[in-house]
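Taken from TrEMBL, the feature transmembrane segment covers 24-48, 60-80, 100-118, 138-156, 204-225, 237-259, 271-291. Annotation comment: TrEMBL describes 39-289 as domain 'G-protein coupled receptors family 1 profile'.
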Amino acid sequence: MPNQTSVNEFLLLGVTDIQELQPFLFVVFLAIYFVIVAGNGTILMVVISDPRLHSPMYFFLGNLSCLDICYSTVTLPKMLENFLSSHKAISFLGCISQLHFFHFLGSTEGLLLTVMAFDRFVAICKPLRYTLIMNHQACAQMAVTVWIIGFLYALLHSTMTSRLNFCGSNHIHHFFCDIKPLLELACGNIELNQWLLNTVTGTIAMGPFFLTLLSYFYIIIYLFFKTLSCSMLHKALSTCASHFMVVVLFFAPVVFTYTRSTSGSSMDQDRIIAIMYSVVTPVLNPLIYTLRNKQVKGALRRAIRRRL
C-alpha cells in the first residue's frame, strides 16, 4: 500500500504555550542536557578505563549510560531549538526518525534494566555459579540481543506510522514525535496501529517491568530466608537499591503512558510524564549510581588522581 501522506512537515507545540517561559525553560533543559551527557559520559569513561569495573554489573551499567546519552539526545536538542524558534517545524522524515530512535533506545533501556536485575539475581542467589552463568560471552550476547529487539520493535512502529495518511492538521501537541500524538492526527483506519500500541508496546513495557519485579522478589525472599548475617543482608539490599530506584523511575511513567487508550489520555498529562522518563531518569541515573555505589565512587577518585 503506497504512502498517502499529504503532510510534509509537522509543528511541535512543545512543553508549554506560554512564550514568556521559553527562555527560562531553555536554560533549565540546557543545564539538564549538559548534566546528562557529562554524568553518563563520566560513568561510561570510568567503566571502560578502570579494570576493577570490568565485571558484568558495570558492563551493563556502561550500556545504560550510553543509552541515556543517546536517548536524551533524540529529543532534547530539538526541544532546545524550538524554545528559541518561532517556527517549530520538523520534517515528516525527521519526525518518523525521531519516533524510531526514541522507541528504539527507550525499549532497549527497559530490556537492559531487566537484564541488570537478572544479573543481580544470579550474583546474590547463585553466587557459586555467577562467573559461569554471567561469563563475557553471555553478557555480550544479552546486550546485543536487547539492542536488536529494541531496534526491531521501533522499526515496526516507525514503518506502520509512516504509512498512515495525514491529511488534516499538522500540529503535534508534544515536544517530540511520538506514536499517540501522531495517531491523533492520522486520517483513515488506525485500528492496526492502535492494536500495536496497546498490545506490542504494552508487552514491551509491562513484560520487562514484571520480570524485574520478579527478580527482586526472589532476591528479597532468598536474602531473608538464607542470609543469617544482618551486615550481609544490608550490603546485598543496598547494592540492589540503586538499580531498583532506576527501574521505578523509568517504568512507572512508561507503563502509565502506554497502557492507557489514546482516547482516554490527556496530551498535557502525557507531556509531563514524558519528561519524567525521557529527561529526569537519564539525569538521575548517574547521581543514583555514583552516590550509592562505593566502587564507582572509588573509580572516580582514582581517575581524578591520575589526571592531577
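Using N, Cα and C of the backbone, Cβ positions are placed for all residues, glycine too.
Curation plays no part in TrEMBL annotations; they are all automatic predictions.
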For the transmembrane segment (138-156), distant same-chain residues with Cβ under 8 A (at least six beyond the ends): 56, 59-60, 63, 99-109, 111-112, 115, 196, 200, 204
Assess whether the transmembrane segment (271-291) lies in contact with the transmembrane segment (204-225), where contact requires at least three Cβ pairs under 8 Å among residues 6 or more apart in sequence. no
Name the range, of those listed as 24-48, 100-118, 204-225, that has the largest tally of Cβ pairs under 8 Å with the transmembrane segment (237-259). 204-225
